[in-house]
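Notes follow once the structure below has been shown.
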Amino acid sequence: KEGYLVNKSTGCKYGCFWLGKNENCDKECKAKNQGGSYGYCYSFACWCEGLPESTPTYPLPNKSCS
């Protein structure tokens, strides 16, 4: 699946400023706890592709970003 990476404790997206190819987003996406294949910055948040179905993405159910 694909989607915005989400911080499980805050319910917020992973923010980014360098749009498009983004090393930080790519690294976060490919981290063992996320399991994605490619990440980049889209609309100032990290978008991730190739995620396993088990990885939560934004928005988290019952948790709004605060």
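Quick reminder: no glycine exception, Cβ is built from N, Cα and C everywhere.
Taken from Swiss-Prot, the feature domain 'LCN-type CS-alpha/beta' applies to 1-66, supported by sequence analysis.
Within 10 Å of the C-beta atom of Cys65 (disulfide bond) sit 12 other C-beta atoms, taking all shown protein chains into account. DSSP assigns Cys65 (disulfide bond) to coil, not to a helix or a strand. Annotation source Swiss-Prot lists disulfide bond at Cys12-Cys65 (among others).
Taken residue by residue with DSSP, Cys41 (disulfide bond) is part of a strand. According to Swiss-Prot, the disulfide bond annotation covers Cys16-Cys41 (among others), on the basis of experimental evidence.
The Cβ neighbour count for Cys46 (disulfide bond), using a 10 Å radius over every protein chain in view, is 26. Annotation source Swiss-Prot lists disulfide bond at Cys25-Cys46 (among others), citing experimental evidence.
As annotated by Swiss-Prot, disulfide bond applies to Cys29-Cys48 (among others). Counting only same-chain residues at least 6 apart in sequence, those with a Cβ under 8 Å from the Cβ of Cys48 (disulfide bond) are Glu2, Gly3, Tyr4, Leu5, Cys25, Glu28, Cys29, Gln34, Gly36, Tyr38, Gly39, Thr57.
Taking only the Cα positions, the spacing between Cys65 (disulfide bond) and Cys46 (disulfide bond) is 15 angstrom. Most Cβ neighbours within 10 Å, among the disulfide-bonded residues Cys25, Cys41: Cys25 holds that distinction in the structure as shown. Of the listed disulfide-bonded residues Cys12, Cys29, the Cβ environment within 10 Å is emptiest of other Cβ atoms at Cys12. For Cys46 (disulfide bond) paired with Cys16 (disulfide bond), the C-alpha to C-alpha distance reads 6 Å.
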